[in-house]
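> Quick paste from TrEMBL:
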- 326-336: compositional bias 'Low complexity' (COMPBIAS)
- 350-361: compositional bias 'Basic and acidic residues' (COMPBIAS)
- 316-370: region 'Disordered' (REGION)
- 134-169: repeat 'ANK' (REPEAT)
- 170-202: repeat 'ANK' (REPEAT)
- 203-235: repeat 'ANK' (REPEAT)
- 236-268: repeat 'ANK' (REPEAT)
- 268-300: repeat 'ANK' (REPEAT)
Amino acid sequence: TKPRKDPAAVNIFAAVAEGSLPELEKTLKDNDLNVLNPSRETLLHVAAAHGQISILEYLLTLRDESSPAKMLLEAGASAEGEDERGQTALTGYSKDLSADIMESALFRAVQKNLHSVVAALIDRGTDINAHNTMHYTPLLLACEMGRAGAASISGLLLSKGMDTNVRNQAEETPPHIAAFQNNGALIGLLVTAGARINAVTKYFVTALHVASQRGHADAARQLLHHEAHVNAQDKQAKCPLHLAAEQGDKTLAEMLLKARADPNAQDKEKTPLQAAALRGHLSAVEVLLANRAGAKDTDGWNSPAYCSGVRTRRVGKSPCRASGLPSTPRTAAGTPPSGPGAPPQLGTEGKGKFTLREQPQKDSTASSGI
């Protein structure tokens, strides 16, 4: 509720300034907790200005908050409200709190997107690089919130000297978290402030890997704008294009190719073209072929055969008749190849429809750490 002026509130402000709890309890029956005095100060401001900690605690507990950290962040606008001197109620109150409580309050303020509360806590000396139990800093938490105000809170933290390259337990940096949230604006802010755009996790995953695997075009666009390594390989030797192809994400595939992603990049098993074909992603296959993904993979198998196999999954026609290619690659002896490293075979399964016999695939998310 927006604080309002009330000429009849003189007695309640006097009770707060004098620290008279009985008088305050009596007077509050007829007054609004968010009432303003002529100087546009709330009851919280006056209590803080006069060092009346017990009054502050009482006022804030009326908001059904149960801990000192929560009391700092009472749900109403009055905790953020500034008086004529530009001070919040938090400014005076925070002087008598322990560092642990201040840090806890900072994390809670970031969670609630309370810009001026965050600023007040930092101004009172709260450690902005503190870690919570999840090994998150306020900046990492701000990046993860995914709210419209995330960039604003992050900008404030960065302006106060927050480490832009701090990591969580998974060794993810702020750009990784922003990519998870598809927050392109925040990525731009982080990079401008000095965040390393190509930082990798313990699985060698970059922020661009994250955006590509999750189909987050806004994040990927901003990362590429800031010249993220488009052909970086993770621990499974997958580049971002592999991940976009596995998801059948035509938009991301086109974006990466335009940024000069290598369509012939080889991970431990396949190229992006093969990855898309194995999963039946025709549109992604067509994009990769249009960008001249190599005519042959490392085993010498003709890549259009994979495209033919994908088409038959959609239309149920034989790739032999559609493309003039054999439905299954042959060895020199005329038999289908087998064993480790053999490409997926085209064949017939059920009702005469051609499909791809897929080799068991590892989950790309689990294997790459994304």
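Keep in mind that glycine also has a Cβ here, set from the backbone N, Cα and C atoms.
Quick caveat, the model's predicted, so the values are computed rather than measured.
Walk me through the surroundings of each of these features.
Counting same-chain residues at least six beyond the ends of the repeat 'ANK' (134-169), those with a Cβ under 8 angstroms from any Cβ of the stretch are 106-107, 110-111, 113, 115, 118-119, 122, 128, 177-178, 180-181, 183, 185-186, 189-190, 193-196, 199.
Outside the repeat 'ANK' (170-202), and at least 6 residues removed from its termini, the chain residues within Cβ reach (under 8 Å) are 139-140, 143-146, 150-151, 154-155, 158, 164, 208, 210-211, 214, 216-223, 225-229, 232, 234, 369.
Counting residues of the repeat 'ANK' (203-235) by DSSP class, helix then strand then coil, yields 17 helix, 0 strand, 16 coil.
With DSSP states grouped into helix (H, G, I), strand (E, B) and coil, the repeat 'ANK' (236-268) comes out at 16 helix, 0 strand, 17 coil.
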> In the predicted model, what is the mean pLDDT computed over the repeat 'ANK' (268-300)?
81
> When secondary structure is assigned with DSSP, how many helix, strand and coil residues does the repeat 'ANK' (170-202) contain?
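Counting residues by DSSP class gives 16 helix, 0 strand, 17 coil.
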